[in-house]
Amino acid sequence: MPSMLVLVGTMPSLASLVSLGGACASVSGTSSSDASYALVKRVSLSRRSVKGTKKWLCRYSVSSSTTTTTADFIADQNNNSVSIDSNSFRGSKDGDDSEVVLKQTPKPVLKPPVARVERGLGVNTAPWSKDLSNGGKFDGEEERNKVIESLGEVLDKAEKLEIPKPGNKEGGEAVKPSQPSANSSNSRNGSYANASDGGTRKTKTMKSVWRKGDAVAAVQKVVKESPKIFNRGVQTEPRTREEGEVNAKAGTPLAPPQPPFRPQPPVRPQPMLQGKPMVAPPVKKSPILKDLGMAAKPLVSEEVDSSVKSKERKPILVDKFASKKKGVDPAASQAVLAPTKPGKGPPSNKFRVEHRNKKNASASPRRRIVAEDDGDDDASISRSGRKGRKWSKASRKAVRLQAAKDAAPVKAEILEVEEEGMSIEDLAYNLAIGEGDILGYLYSKGIRPDGVHTLDREMVKMICRDYDVEVLDADSVKVEEMAKKRQTFDEEDLDKLEDRPPVITIMGHVDHGKTTLLDYIRKSKVAASEAGGITQGIGAYKVSVPVDGKLQSCVFLDTPGHEAFGAMRARGARVTDIAIIVVAADDGIRPQTNEAIAHAKAAAVPIVIAINKIDKEGASPDRVMQELSSIGLMPEDWGGDVPMVQISALKGENVDDLLETVMLVAELQELKANPHRNAKGIVIEAGLDKAKGPFATFIVQKGTLKRGDVVVCGEAFGKVRALFDHSGERVDEAGPSIPVQVIGLNNVPIAGDEFEIVSSLDVAREMAEARAVSLRDERISAKAGDGKVTLSSLASAVSAKKMSGLDLHQLNIILKVDVQGSIEAVRQALQVLPQENVTLKFLLQATGDVSNSDVDLASASEAIVFGFNVKASGSVKKAAENKGVEIRLYRVIYELIDDVRNAMEGLLESVEEQIPIGSAEVRATFSSGSGRVAGCMVNEGKFVKDCGIRVVRKGKTVHVGVLDSLKRVKENVKEVSAGLECGIGMDDYDDWIEGDIIEAFNAVQKRRTLEEASASMSAAIEEAGV
């Protein structure tokens, strides 16, 4: 870049040729350095020849404070700037060039120095024309006119500028005290820099010719020029200057002559004059005042890119004496307050207001002024500082209260309550009250609900009545719903269906001959080996039946007939294709017969009636058929659609006809399944074997189950290690409709769960864990005897006059059974027992033999261990004996139910029963040494000493006590019979009146039954008016 004389125009420095009052800096070479600034008074241009070269001469006269300097510059053909004459003297004044008068202003606010930036061309830069510097023709008069015209134009525009108040960061930059440069002695104008160090003359502040402008102070200033502004095609870069310094580096070997050093007074910095940009400043956007608590928008700092700085438009001239009150911008009157954060901040006080005012005295207010287009301009700028206002404690509390109010439960108007009642927690939630309110209600009624979690339906109704909530009885899921048969076909299976064996379930009342019929079909003796002669589990068997001379496979399920095994019958009906209902010809339809028929109808399976025991005396098949027709099962012989076959299972009479009928019905159903897919089915039974571990009996409904498959059923999963058929033989696979026992599960599944084959153990584990989470709460609530409070319990407290507590007994039970289905059966049988005074609590219900851990649990909780179809080893029995734990093992469910009943009745308190033994009438009263004595005539029975007597006066009992003294003719006797007179005395009563009736009785303690206790509770409820 060729050297040239660069004229930069800013107010308190050497004026350029374009703007008077600017600064003139001599720049040599390609590097820029600091320059000396002063006020230009005269500028003249001429061309002269020096030593045979054509050069341009620039003569200017500068006035700085009281010093006037005249310097000559020449520019050679290479545009190198060289000084050929320089004079500096103090107190020089010309007639026309009077000293500049400046206005006095306060000291500007200092700002820390900013990093030095490469200096570029100024706003009003007037570079030398390249053509002229290379020796072109120059018309001095024409150029002089152009300069004068441009200077006048600048003066006119400067007088019209609006000057914002000083100190505002928006109006200009703070200045920095000038410091003499280390290399100022080498610079061409070094004398001016040195004058600030050695000058002692007092600076005079006078009125400025600019009328408006910054004050003049002999302090160092840091002047940051405006950001990039395009003016006359020249782009300026932001830079920092230190006033009073000139660092001009010569671009040629020729060194300029230096004037002799003379001390000078301090240089007066002049107000800056920035050239007015060609593009008009944008209209001020309406500010958005944010809350004081919000983070203030950071000002553009040195780290921010210069492209961001260029978006800020700052005034050119700054007047320190301008009014601090800004003019009202019309756009600012339409400012919109931004929404604040939720919650009310802490109230402001005087101290905070004063502190805020002091802190922001020289800065902008704490309220952010956000332009409407900030979102577009500053979208990519990362702003430092706080993210937002910290909420006060009151704000956080208000938000928490509002959130709690929104999440508060809503009072229900109608509440459905199931038969087993409702927990206290659920009731409190539905009534939108606290659990303490319900507990307080129970205490007010004389109930101490310690450890109580569930209220029965009647108690819930009574509580809801006080809160004006209607209660509806919600029926629990009936067993018929469990028996509903599910669809086993998928669309992808329709093209691969094959015939499958029918699944036939034998159902009916207990002891009607179901297992005997199956024994004849299987040619086995299962019934003889059953405990008590009754079936207590589902038996699945595969049998080959001869049909038309060919053997066809059938699967028979033998279900229990006892009332306690309703769930088992429902599961049997759910997987069956045909239901055989066995009815004894000598007994007719019984309760379990009706239940089995209901299960079959719910499962929508065909029904075949087998009227059994026709060879027995008193058998009446016609009566049975008539009873069946009365409940909707019309025999085919009578024009109906229900096949009925009269058989004798014991002798095998007509059993073949029954099988032929069953196979005909199965053929009409066209039973098919897809064996070429992963197996799916249902668990009909499950248990824990001491040698095999957890096992389960599956009925495959579709697909083929193979050894090695990964199976998941409910919360149990595992890899199939072994498969056993109904006879105990190992098999490798099981197709549709085939029952099979599976070994390899991690725990005992729940009977009735569906199983399916998955790809890996990880998938099976995830599915089992998800299922376990959903079943955990159901299992907890399903435990019987978890402390239920009933109206009978309330009546017990009322009748016993025990208002301080609840007279409630509890029997803790640990139940161990052989298979999962037996748990359901035992619990259903025990739930039938009245539990108004004694409740049952099952601490543990599991499959497997009795173990030492069961004994430890029973010892800690004072429970009884009941085992059903399980065993207890000798070591376990010995440990139980040492710890005082009772173990009861049963093979028949009848015996278990009877013993549990006896245990519950043993916890009931005995009642006192008064047995009358005699009656007497008071004929006279007399006094004796021991008090008043009643002379009586024994009308009936006898009176015995120390027996109980009751004094009845006018039909009302006035006293009940013990006969303490009995005399006959002044002699103490033990007994007085009817028809004799005697004297009767009591230690605690002597208010005898003639005509009183005295009744004698004996008090005996009598044990109550559960039914008697329940009746007494009902009477207490009525008496209490609850």
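Heads up, the Cβ atoms here are built off N, Cα and C, so glycines get one too.
Feature annotation from Swiss-Prot assigns transit peptide to 1-63; the stated evidence is sequence analysis.
Per Swiss-Prot, the feature region 'Disordered' maps to 158-208 (among others).
Among the features that Swiss-Prot reports, compositional bias 'Basic and acidic residues' is placed at 158-173 (among others).
What Swiss-Prot records for 178-194 is compositional bias 'Polar residues'.
What Swiss-Prot records for 230-284 (among others) is region 'Disordered'.
Taken from Swiss-Prot, the feature compositional bias 'Pro residues' covers 254-269.
The region 'Disordered' annotation in Swiss-Prot covers 300-393 (among others).
The compositional bias 'Basic and acidic residues' feature in Swiss-Prot is assigned to 306-317 (among others).
Look at Swiss-Prot and you will find 499-672 tagged as domain 'tr-type G'.
The annotation region 'G1' is assigned in Swiss-Prot to 508-515. Per DSSP, the region 'G1' (508-515) is made up of 2 helix, 1 strand, 5 coil.
According to Swiss-Prot, the feature GTP binding site maps to 508-515, 558-562, 612-615, an assignment based on similarity to another entry.
Summarised as a single figure, the pLDDT of the region 'G2' (533-537) averages 44. Taken from Swiss-Prot, the feature region 'G2' applies to 533-537.
Taken from Swiss-Prot, the feature region 'G3' covers 558-561, and the record attributes it to similarity to another entry.
Taken from Swiss-Prot, the feature region 'G4' applies to 612-615. Among residues of the same chain six or more beyond the region 'G4' (612-615), those with a C-beta under 8 A of the stretch's C-beta atoms are 512-513, 516-517, 582-587, 621, 646-651, 653.
It is ASP511, among the binding-site residues ASP511, LYS514, ILE614, whose Cβ has the fewest other Cβ atoms within 10 Å in the structure shown. According to DSSP, ILE614 (GTP binding site) is assigned to coil rather than to any helix or strand.
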